[in-house]
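Below is one structure; the comments refer to it alone.
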Amino acid sequence: MDLRSALLRAAVGCPHALVVPAPGTDRLRARVEQELARRRWPIASAPADADLVVVVGRPGRELAAVVDDIWVGVPAPRTLVRIADEDEVAAALDGVVRRLADADAQRAAASRSGSRARPPDPSPGGRSHGDGGHDELGPGEHDDHSAHTASDGGHHHHGGGMELPGGLAMADLGEDRDGLALDQLHVSLGPVLPEWPSGLVIDVVLQGDVIQEARSRFLDLDEQGATERLPDAARALDTAARVLALAGWEGPAARARGLRDALLSGADTAHVPEELDDLRRRVRRSRLLRWTFRSAGAGRSEILDALDDVLASAGVAVAGTGEEGHVGIDLATLDARLVGAQFAAARLVVAVADPQPRPAPDLPTAPGGAS
Amino acid sequence: MSAAPPLGLSILLPILLLAVAWAAVAADVLAAGRAAGRPVPWAVAAVTPAREALRLLVGQRRRTVGGDELLRGVGGAVLPIAALLAAAVLPLGMRPVADLGAGVVWFNAMEVFAWAAVWLVGWGSNSTLSLIGGYRFVAQGLAWELPHMFALITAAVGAQSLRVTDVVAAQGGLWFVLIMPVAFVAFLLSVAAMAFWGPFSAPVGRDVAGGAAAELAGVDRLVFVAGRWLLLVAAAAMAVPLFLGGGHGPWLPAWAWVLVKTLAVLVALVALRHRIPTIRMERWTEFSLVVLTPATIAQALVVTLVVLGEGGF
């Protein structure tokens, strides 16, 4: 039995963490990400890939429902951590490996969740788990929703009334940009997607991977407490890191995040301006990045210009000369920009725009330089 | 055709593939750490593949509502099997497991299974993001397959044989990479593309939350991810007999040369991967069809003319 527990400990020694931030908790989320990076715990891209769910801040009613939803899709061994304060971060993550390696507790929880995935009656949202074909659930398997991150439940369904046995909706038909009748899929993007603004949900109509309609909103706006904003420089670096990560350029993305963390912790910032310049130069000089961004739905290399502006504003903010940094855009503008964009382009548009729950009303809606 | 495949080699092949894949993953972890400015110690990188595999073995499997379990399972299993079968024609030293008369075609046919595999996994998961990942790969596949085939054909024309051992034998004097550099570059690009890896990882990209693999957990994910690395290793190893002289080389025995050259190709791919972002598939499709395909056709033409001039065929 000793070998087994040793193996189990080795298996869960480096858990993948899915971070679910409440809206307006950017600072705390950055702190959590920094701690995860220090421990070399990878950030999971989806619930299926996660061992650990970190709920950052105090989620409101809507986000709490999302967390419950996601939790069903996280494979055991798994654990959930709620962090509401910066002082708790390290302590909360310290206990994770021990809990994951606790085979008895994990097994008990796993079988319970297995049965939980088959509710006695269909839920009102139109999703019921477990049709007849899924009755042979073994102890090691459980049913859950398809996409947690792009959840098909809830408010889709403007048209057809067909339902699949799983409680999912059929796609509608609609005209695409070339006038062909193609399937339309109503999906909600967010709030738990990699490199996605905290608490943002965008209800989109997809045809293929082209967005036909988009309506974005923030969860729990009514219950939201005081938002803690990142300082301008850190925020710009956070935005840049997300754009770079979405572009699949993980090295520079991690470096941007490292600079953000250095600024936030305020420990040793002497090297920051130089490294920031270096990063900006690399981004600007990368022909491949320019080439690959060029066809972005938002226009020719507009994303790259916006990214460059973001990095420039970070430089200005670090130097402390400028008074106004990178300002997010309002949601209506964002929606308009998303229409007609392909999925990959839309993700970049959202990341570079980086909308905030409550844009300051007195500031002009200057999008991150993209125009 | 040789007789029955040698038993020893058949057993050795999967072990070798896994070992090289292990080394490639570890190198990737090291390179990623360096690119991120957060270096990973050698010892940590070396055990990372085993630890991740263990993590996925321990992890629970999961299903999706309305998902097609059969298709998804078949798709996942096809990846490592295709990699293994493709590697069957790889000369380990001077002898492959199966010295097929049409080895080059066999290799190509096995890789194309990856198309079906990724698409089936993306489709079978019944999730929007998985589906997007799945068709990204199909679009990408259309783009890499043409230059890839012309690159393979060029090597076969140079050796005037579809048998992989003949291709190696033809490089006793001069490696094909020197005669047909364009085909070699196109082949290397398509190696990364067929394993949807590095700059071609859009089908499992971060923007689609893992894409085709977004809904995979536990052993399903392990098989998928391992299959992808095995595919990369098998395809990268194929560059050695086709373009880099196979087991030919001074001092060392043939098997050592094959190993050294394979690792060199993989190290080059891994090092390159962390210097560049992911290429969006629509850009890649354009480049591949407008630039790379004509270039590889021209390359094949030049090599053919040279072979004809030397009195071949």
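Backbone N, Cα and C define each Cβ position, glycine as well.
Record features (TrEMBL):
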TRANSMEM  B:70-92  transmembrane segment
TRANSMEM  B:112-135  transmembrane segment
TRANSMEM  B:142-162  transmembrane segment
TRANSMEM  B:174-197  transmembrane segment
TRANSMEM  B:229-248  transmembrane segment
TRANSMEM  B:254-272  transmembrane segment
TRANSMEM  B:284-308  transmembrane segment
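Between the transmembrane segment (B:254-272) and the transmembrane segment (B:284-308) there are fewer than 3 Cβ pairs closer than 8 Å, counting only residues 6 or more apart in sequence, so the two stretches are not in contact.
Stretch with the largest number of CB pairs closer than 8 A to the transmembrane segment (B:70-92), among B:112-135, B:142-162, B:174-197, B:229-248, B:284-308: B:112-135. The transmembrane segment (B:142-162) shares more Cβ pairs under 8 Å with B:284-308 than with any other stretch in the list B:112-135, B:229-248, B:284-308. Away from its own ends, the transmembrane segment (B:112-135) comes close to residues 64-76, 78-79, 81-82, 141, 145, 194-196, 202-205, 208-216, 224, 227, 231 of its chain (Cβ-Cβ under 8 Å, at least six residues beyond either end).
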